[in-house]
Ligand SMILES: Nc1ncnc2c1ncn2[C@@H]1O[C@H](COP(=O)(O)OP(=O)(O)O)[C@@H](O)[C@H]1O
Ligand SMILES: Nc1ccn([C@H]2C[C@H](O)[C@@H](COP(=O)(O)OP(=O)(O)O)O2)c(=O)n1
Ligand SMILES: [Mg+2]
């Protein structure tokens, strides 16, 4: 089992404490792109198109959390309560779900949709996976447009009601946007105007991913 975990970690590029001491062989590199933007900015929609064209695997942290609720897992009720309040689920839970999904996916390129949402998400992800994102795709969209989209999303999501939407916007402003600004200061953010029709937004996104491919990023 220990060996199996070590193998998985080495495939995924995850580093253990020993590896960090430089005692184990060099790891295979995993490409990770964080896809960020407010609720309803089009993250899930754009990720599906990026997968088709650029061969990434799409992991939505919101979807992984909703699966936990559906499966009636240990933390299911707590996750549901937090999501219905528009609050962020403790990072340990979210990051472990992402990590497990990455380990179970036979690919070395991942879009993390809606992750990270706050600084604690980032710290936990770095601690558990040792992965640095290649870049951050940021879908910039005004709240008015996002509200319209969320209220007509029609996916039966309990958090797509106006009260919860307002709370989610606040979390985005207070916890996620500062992260985007932090990554922008490191030159890692690729921002697109997401208030346009999907095909137009995707044109901008394609340019970004094509150029990332060329640079081997
Ligand atoms: N550029 C766009 N223009 C109009 N509607 C959009 C656009 N992008 C996404 N949508 C729609 O808006 C809703 C929210 O999109 P989604 O991809 O689920 O956003 P997010 O994952 O960021 O919350 C969906 O109903 C989707 O079909
Ligand atoms: N990293 C994350 C991602 C989502 N969540 C929770 C809190 C969010 O309001 C809900 C829904 O996230 P999801 O990404 O599916 O929502 P949107 O696609 O932005 O509409 O999940 C979280 O706690 N931590
Ligand atoms: Mg989404």
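Glycine residues also receive a Cβ, built from the backbone N, Cα and C atoms like all the rest.
Keep in mind that TrEMBL annotations are predicted by a computer and have not been checked by a curator.
Feature list (source: TrEMBL):
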BINDING   40, 41, 42, 43, 44, 45, 153, 196  ATP binding site
BINDING   66, 87, 88, 89, 114, 115, 116, 117, 157, 168  ribonucleoside 5'-phosphate binding site
BINDING   121  CMP binding site
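The Cβ of residue 153 (ATP binding site) has 13 other Cβ atoms within 10 Å, all protein chains considered. Fewest Cβ neighbours within 10 Å among the binding-site residues 43, 157: that distinction goes to 157.
In the three-state DSSP classification, residue 88 (ribonucleoside 5'-phosphate binding site) falls within coil. A 10 Å radius around the C-alpha of residue 44 (ATP binding site) takes in none of the binding-site residues listed as 66, 88, 116, 121, 157. In this structure, 196 is the one among the binding-site residues 66, 196 with the smallest number of other Cβ atoms inside 10 Å of its Cβ.
Taking the Cα of residue 157 (ribonucleoside 5'-phosphate binding site) as the reference point, the closest of the binding-site residues 40, 41, 196 is 40. Looking only at other Cβ atoms within 10 Å, the busiest spot among the binding-site residues 44, 114, 116 turns out to be 116. Ligand 1 lies under 6 Å from the Cβ of the following binding-site residues, listed in sequence order from 40, 88, 116, 157: 40. Closest to residue 116 (ribonucleoside 5'-phosphate binding site) by Cα-Cα distance, out of the binding-site residues 42, 43, 45, 196, is 43.
When the binding-site residues 66, 88, 121 are screened for a Cα within 10 A of the Cα of residue 43 (ATP binding site), none qualifies. Around the Cβ of residue 45 (ATP binding site), the number of neighbouring Cβ atoms within 10 Å comes to 16. Sequence-distant contacts of residue 40 (ATP binding site), defined as residues of its own chain at least six apart whose C-beta falls under 8 angstroms from its C-beta, comprise 141, 145, 146, 147, 148, 149, 150, 153, 165. Separating the Cα atoms of residue 88 (ribonucleoside 5'-phosphate binding site) and the residue listed as 'CMP binding site' is a whole-number distance of 9 Å.
Residue 66 (ribonucleoside 5'-phosphate binding site) sits 17 Å from residue 45 (ATP binding site), taking the CA atoms of both as reference points.
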